[in-house]
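In what follows, a structure is listed as structure tokens, so that the remarks can point back to it.
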Amino acid sequence: MRIALIATCLGDALFPEVAKATTVLLERLGHQVVFPADQVCCGQMHVNTGYLTEAVPVVRQHVEVFEAADFDVAVAPSGSCVGSVRHQQAMVARRVGDTALADRATALAGRTYELSELLVDVLKVTDVGAYYPHRVTYHPTCHSLRMLRVGEKPLQLLRAVQGIDLVELPGADQCCGFGGTFSIKNADTSSAMLADKVANVVGTGAQVCTAGDASCLMNIGGGLSRGDTGVQTIHLAQILASTREQVAA
Amino acid sequence: MSTFLGIPRRHAAQEESPLRGALPFPKAARRELANDQLRRNLAHATSVIRSKRALVVDEMPDWEALRDAGAATKTQVMSNLPALLEQFEANVTARGGVVHWATDAQEANRIVTELVRAQGVDEVIKVKSMATQEIGLNEYLEDNGIAAVETDLAELIVQLGHDTPSHILVPAIHRNRTEVRDIFLAEMEDAPADLTDEPRRLAMAAREHLRRKFLASKVAISGTNFGIAETGTIGVVESEGNGRMCVTLPETLITVMGIEKILPTFTDLEVFLQLLPRSSTGERMNPYTSLWTGVTPGDGPQNFHLILLDNGRTNALADQVGRAALHCIRCSACLNVCPVYERTGGHAYGSVYPGPIGAVLTPQLTGMHGHHDVNSTLPYASSLCGACYDVCPVKIPIPDLLVELRGRAVDADRGRTIPGGWDAAMKAAAWIMSDPTRFAAAEKGLAAGRLVAGRDKKIKHLPFPGSAWTHTKDMPAPPKQTFRQWWKETHHE
């Protein structure tokens, strides 16, 4: 399958290893990955901060770049960004009266998937041949959980990873407190939410906390790091891309 | 038409109201977050209600169908509200009730006070009611020499503690039992001197205290959960039976009802009496459901007055966000699952309607008037995690409504002479993020972040506004190479 990669703005700039791992994983599974080079951002930050009008050119850029690209399906290693593509892009376009853009965004959203959705629902694979010999706990990010309803898919993928010791995270479905600019606008409340998430992660005894969103992991990782907990954060795509050969090297 | 004599009416934005806080949400939240006891009380109480709710909802095979039915009925009600209200009024009147219409809090309070005065009493008993809290009725009555005694246990705790409610359903959720005992001992004149903090003893003390009030009171004031247009019936659901005492024992009953509480037909109760208790208290059925229709000679109150309260609802109805928010049946499920509410409690929202639905409803009822207005901070009091929508029994899309209200808060400030920091930052970001060349240039700038990072590649201090982040957590140093640079190196096409 020809799969277009949405690296996400945060992934491109701050967490390139997530997009790299997504690429490596999909290529290993025998697919062709394309990267439409003029992509930037889905527009979620603007939408969720209330700058809905400002989000429109960002959305237009996304739609135009991916419309022009040649691919079967698009994937983003981010439940949040895919949530934005599916639930917000058409909404902001419609809000400024651009129904044509709204329709184009909806059409693109129809073939855009979050990584675990792509693997399990579209590519019909749960065992991706990964090897990751660590104790891991999984945080289901809010938008994966409630906007996309990915449900058990990420866990199905993780359970099939060889060597992994997957431990359940108490209060898993509670928000980590990131919420984009919420973490700045309501920093105190956000930090209080994060403190509980960090305590829950540490309580599992896991060495690694994983999730399907680099943004939430940046928040949780920031708290784990400040608390000198020794617990690392790693994106689901990186675990799935990890192989025995790679670990041995 | 009365002659205008007074000072011009101030705009709602400046008016003191139980619907409007004094502080912007982030500041009020900081104040509440500092209270460790409050946070422990809230975390415990909300998690208990959450798991109870989840249990009784999971056992319902048709829960989603019930939610759909509830949402559909509410949509129907909002589309036909004027006609339904007229039908309701006609049926209440035909059954011996007296209907009054109040456009705002002031008018509703004045009507209630006149009705109480007409009975020649200076003390009334009350059923817990959000509508009367919303209009500040107790305070208004007090200013007019009338004592209003709350008979709901939690509401009584709040009243005796000279406190304000912090939850729609569990107004004293922020108090633990030791605090309750201390309040009773200090403020309840007939509390036993050897009162302990055992819940049963506390309940018994309140019961003794209230029983005397029930038997002596001539006038009761209630709110309502449902008003049924088809029959003119009022419904109140509760757990303790105090409400039933109020609506049956006194000679006069005065009910204040928000105009959105209408249900078209009696059979609609079938859906809502399943949705409400499971969503609110996590019970299959609430212990007491009281329904009354007008006046029945020789049985129950012989004077029944119904005050239909607008107080911003008509304005809300004319707006797509407001109309959706008016679907709310005040179950408070969204409060109990909200991670923001769980940490800050209800007082941080500054309104009698806290939590996710409060963050939508409050600005709808009292307006958002630019960045200086505390109401403009409420739509941001959410991480948009979506838990509120999942539990809403009438499927109010709260996160979507919050996003739209954020959009309006921003729009209200457009054209400011001096744009705010967020305006400048978001405009710049949109300029960068709508163009790949500009974005790539900005990414180069990010590399400067590597300089401020320590050897461990962590940034521990950022200047404002990044300091809001690094105050409690680290920021990773930007990588040496962006993804698109790596792609160029590895994928020559």
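From the backbone N, Cα and C atoms, a Cβ is placed for every residue, glycine too.
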Pick from B:1-22, B:265-286, B:287-308: which range has region 'Disordered' per TrEMBL?
B:1-22
Counts by DSSP class (helix H/G/I, strand E/B, coil) across the domain 'Lactate utilization protein B C-terminal' (B:424-490):
37 helix, 4 strand, 26 coil
Could you give me three numbers for the domain '4Fe-4S ferredoxin-type' (B:325-396), the DSSP helix, strand and coil residue counts?
40 helix, 0 strand, 32 coil
